[in-house]
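Swiss-Prot lists 362 with the feature active site, proton donor, giving similarity to another entry as the kind of evidence. According to Swiss-Prot, the Mn(2+) 1 binding site annotation covers 300, 302, 329. Annotation comment: Swiss-Prot describes 329, 361, 410, 485 as Mn(2+) 2 binding site, evidence class similarity to another entry. Look at Swiss-Prot and you will find 14-47 tagged as repeat 'TPR 1'. As annotated by Swiss-Prot, repeat 'TPR 2' applies to 49-81. The repeat 'TPR 3' annotation in Swiss-Prot covers 82-115. The feature transmembrane segment is assigned by Swiss-Prot to 171-191, 192-212.
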C-alpha cells in the first residue's frame with residue numbers, strides 16, 4: 001500500500017507540473033514549459049500526453065529532432081493516441097520531410113476520421129508531397145544546370161534569357177507523369193469526377209506533345225524579355241551607373257520603411273554585384289581590425305527589417321570605419337526578408353569592407369521553400385529572382401576569423417576532433433548544404449551544457465560540449481567562438497566557461513517569443529566582447545510567415 005500511495009502521489013504531482021507547463025506554454029515560455037513537462041515525465045514516464053505536449057514546445061523552439069523523439073515515445077506508449085502522430089508529423093513537416101509527415105497524418109485521419117482539422121492538414125500534406133514529386137520529376141542535374149546569374153545583363157535593358165535550364169524530353173514526360181499523379185490524388189475515383197479527370201488527361205497529352213517538340217526546336221533557349229526598363233513614373237531609389245552610393249542606400253531604406261519596392265533593375269544590379277564579390281572570397285574569411293578600431297557582430301535577423309534599422313540607429317550605419325559581420329539567417333520567418341537581404345547586399349556593394357556576410361542554415365533552397373523567403377521573393381519581385389538568390393546564397397562564406405582570435409560561425413563545431421581552419425578553408429561551399437559533414441555542422445550544430453557530443457535537438461548536425469569547444473580553440477590558437485542560430489531570452493548567452501557566445505539579433509522573434517536582440521562590439525587590439533542588447537520596435541501589420549507555405553502556417 002505505501003508503494004501505491006507513493007505512485008498516486010507522483011501521478012498527482014505530475015499532473016500539477018503538466019498544468020504549470022501548460023501555463024508557461026501559453027505565455028510563450030517554451031523552455032520553461034519543456035523543463036516542467038520533463039519533471040512531470042520523471043514522475044510518470046508512461047503518460048503519452050506529457051510527451052506530446054513537450055513535443056509541441058520543442059517544435060516552437062525549432063527543436064524538431066527532439067519533437068520527433070517525443071512524438072515517437074508518445075506513440076510507443078499509446079499507439080492509438082492521435083496527438084503523438086500529429087506532433088511528430090508537424091515536426092517532420094517543419095524539417096521538409098513531407099513523405100514521413102504524410103504517413104503520420106494519414107494515421108491521424110485513420111484514428112480521427114470525422115475530425116475536420118485532421119482532414120484539412122492531411123490534404124495540405126498531400127499537396128506538399130505531390131508538389132515535391134513534381135519538382136523531383138522536372139529537376140535538372142547539377143551538371144546540366146545553367147547559371148541564371150550568368151544569363152542576366154542588367155545593363156542591357158529589355159534583353160536577356162529568363163530561364164536557367166533547358167528541359168529535356170525525359171523531363172517533359174516525367175513532368176507530365178508527375179502531374180498525372182497529382183490528378184489521381186485529387187480527382188479520386190468517384191464518377192462525378194471522371195469527366196474532369198478525362199479532360200485533364202487530354203490536356204496532359206497536349207502538354208507532352210508540346211514539350212516534346214519544344215525541347216528540340218530551341219523554344220526554351222530563346223530569350224524572354226526581362227523587365228529592366230525603369231519607367232518614367234518610378235519615384236524610388238536609383239543607381240546612377242555602376243556605383244552604389246550611400247545616398248542611394250539611404251533613399252532605398254526610406255522607401256523600404258514606407259513599404260515601397262525597389263525597381264527590379266536595381267535589385268538585379270545589387271544582387272549580381274554582390275555575387276561577384278562573394279564568389280571571390282574563401283570559405284573561411286580572415287578579418288583584420290586595426291588597433292584602436294572596433295568591429296560589430298550581429299546574429300540572426302530573420303526578415304525583421306525594422307529591427308535591422310534599429311540596430312543601425314543604435315550602432316551606426318555600416319561603413320569602412322564602422323564594419324559589421326552578419327552571421328547568417330538573414331531571411332525567412334519575418335515577412336520583410338527581401339528588404340533585409342537587399343539592404344545588406346547594397347551596403348556590401350557600397351563598401352565591401354563595411355559589411356561581411358556569413359551563410360546560415362536558412363540561406364538554402366529547402367528552408368526558403370518552407371519558411372517564406374521564396375514566396376516573398378516571388379510576390380515582390382519574380383520567379384527568376386528565386387533562382388538568383390539561391391545561387392548567390394551558395395557563394396556566401398561559411399565562417400570568419402577576426403584578428404586571429406575570434407572564430408565566428410552560424411551554427412557550431414564538429415562531430416570529430418582535429419578540424420583545423422585550413423580544413424574549413426578547403427570546403428567547396430558552392431552548393432546546397434549537405435545533410436552531414438563539416439559544412440552541415442558549421443551551419444546547424446548547437447552547444448550543450450554537458451561535455452562530449454550528443455544528437456542534435458534539431459535533427460540535423462549535432463550538439464557539442466565545452467570540452468569540444470576548448471580543444472578546437474586550443475588546436476587553432478583561438479580565444480573565442482561566436483555563433484548564432486538559437487533564440488536567447490536576453491539576445492545572447494555565454495557558455496562553455498566563457499569560450500562560446502551565442503548572439504541573436506531578432507528581438508521578439510516571430511512576434512511571439514518576447515526575447516531581446518543583441519549584437520557584439522569588439523575593440524582592437526584586445527578583442528574583448530562588449531554585448532549590447534535591445535528590444536523589438538514596431539513594424540507594419542504584416543504577420544511573420546505571411547509568405548510561408550500554407551501547411552506550415554497551420555502549425556505556427
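Counting begins at 1 with the first residue displayed.
Keep in mind that glycine also has a Cβ here, set from the backbone N, Cα and C atoms.
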Among the binding-site residues 300, 302, 329, report those whose Cα falls within 10 Å of that of residue 410 (Mn(2+) 2 binding site); none is a fine answer.
300, 329
Kindly assign residue 302 (Mn(2+) 1 binding site) to one of the three DSSP-derived states: helix, strand or coil.
coil
If you skip the near sequence neighbours and keep only those at least six away, which residues in the chain come within under 8 angstroms of residue 302 (Mn(2+) 1 binding site), Cβ to Cβ?
329, 330, 331, 332, 333, 334, 337, 362, 506, 509, 510
Alpha-carbon distance [residue 485 (Mn(2+) 2 binding site); residue 300 (Mn(2+) 1 binding site)] in Å:
7
Composition by DSSP (helix, strand, coil) of residues within the repeat 'TPR 2' (49-81):
26 helix, 0 strand, 7 coil
Taking 8 Å from the centroid of the Cβ atoms of 329, 361, 410, 485 as the cut-off, which other residues in that chain fall inside it around the Mn(2+) 2 site?
300, 327, 328, 360, 362, 411, 443, 444, 484
Set of same-chain residues at least 6 away whose C-beta sits under 8 angstroms from residue 361 (Mn(2+) 2 binding site):
328, 329, 367, 410, 411, 433, 443, 444, 460, 485
Sorted by sequence, non-300, 302, 329 residues with Cβ within 8 Å of centre, Mn(2+) 1:
299, 301, 303, 328, 330, 331, 332, 333, 360, 362, 484, 504, 505, 506
Tally every other Cβ atom lying within 10 Å of the Cβ atom of residue 485 (Mn(2+) 2 binding site).
27
Just give the helix, strand and coil counts over the repeat 'TPR 3' (82-115), going by DSSP.
27 helix, 0 strand, 7 coil
Cβ atoms near residue 329 (Mn(2+) 1 binding site) (within 10 Å, other residues, all chains):
27
